[in-house]
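Below: one structure, written as structure tokens.
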Amino acid sequence: MSKNRRLFTSESVTEGHPDKICDQISDSILDEILKNDPNARVACETSVTTGLVLVSGEITTSTYVDIPKTVRETIKEIGYTRAKYGFDAETCAVLTSIDEQSADIAMGVDQALEAREGTMSDAEIEAIGAGDQGLMFGYACNETKELMPLPISLAHKLARRLSEVRKEDILPYLRPDGKTQVTVEYDENNKPVRIDAIVISTQHHPEITLEQIQRNLKEHVINPVVPEELIDEETKYFINPTGRFVIGGPQGDAGLTGRKIIVDTYGGYARHGGGAFSGKDATKVDRSAAYAARYVAKNIVAAGLADSCEVQLAYAIGVAQPVSISINTFDTGKASEEKLIEVVRNNFDLRPAGIIKMLDLRRPIYKQTAAYGHFGRHDVDLPWERTDKADALRKEALGE
């Protein structure tokens, strides 16, 4: 590798990873609530360990959800259906500890500071303040057709394929837990030129040999996913490098909602504000504003206004308007960053109520995001992945 080139690595995990089990359970409960109560306030946390699921958090809703039933159905869909896998949907214990949302928080969310002070009319604002303070990032680049960085895009596709070959009985000896990792080499112009390394670790039946796993995964997982032109004789493969991965899932490691925030976003390629997504309704700006920031960044790149774009939004609890908007195009912008911020303010309503309305976020759409990434998805229709504002942004920014 020449001195002007660099390597960058991102990872993903399968739906059977302990932390991802928790994300999916939390979002399954959220979706079940939103089906009958779109205005519910939900902050649902899940933890799993050997034979045990604990669901806790704050939920304010007018509907009823059978949480243990939802938990078991989710675990079953993932594939933990037999005790010998280390976790079983039918026999695991499910404990719940749910409270209502704090009245102090609800006061700020129900009526934004601007509405309480009379500085914005009822016609201007839906009177929803941010559910917490915080900063959120969104990112897009033109490395892939999904406008995502290549390392995380390939890592997700490998993880999804790992699950597909298990569920479709192509490789029936695989079990639900697994991880993937891709290292991409970039040239002096910051363009991806080759894959330097691929790492896959997958849980498996105890009687299968490492050689068979390595041969099968290369044929059925790596080759169908990774573009042939990015592979060369120096590409390194690490498939189950420990040699054995029989004990997995919650039996191998405890899991917790919100512990895979880099997998959920951009694989470390862009910055992260620290807030997790799963189990939170759209009044929580950790989730909704991160989706809005991706929506903004993707439309800027889709408009041809930048090759790479990172958007930061920041909020104060109980205040509707973002306290700051920042845009970084990494010297690839066709317009100044000040101009882009002006154009974004004119075309996107980034108040919590505005985001909810703009992206139609009071729907049960969240479980499908809880594994294989919240961004760059081609298999599901997610509103923040649309590029419907690209033309308007380009015309206003460039004066066309």
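A Cβ is built for glycine as well, from the same backbone N, Cα and C atoms used for every other residue.
Which of 46-56, 79-89, 101-111, 189-199 counts as region 'Flexible loop' depends on Swiss-Prot, and there it is 101-111.
DSSP assigns G178 (ATP binding site) to a strand segment in the three-state reduction. Across the fold, the C-alpha of D19 (Mg(2+) binding site) and the C-alpha of K260 (ATP binding site) stand 7 Å from each other. Across the fold, the C-alpha of D253 (ATP binding site) and the C-alpha of E45 (K(+) binding site) stand 17 Å from each other. Recorded residues K284 (L-methionine binding site) and E45 (K(+) binding site) have their alpha carbons 14 Å apart, per Cα-Cα distance.
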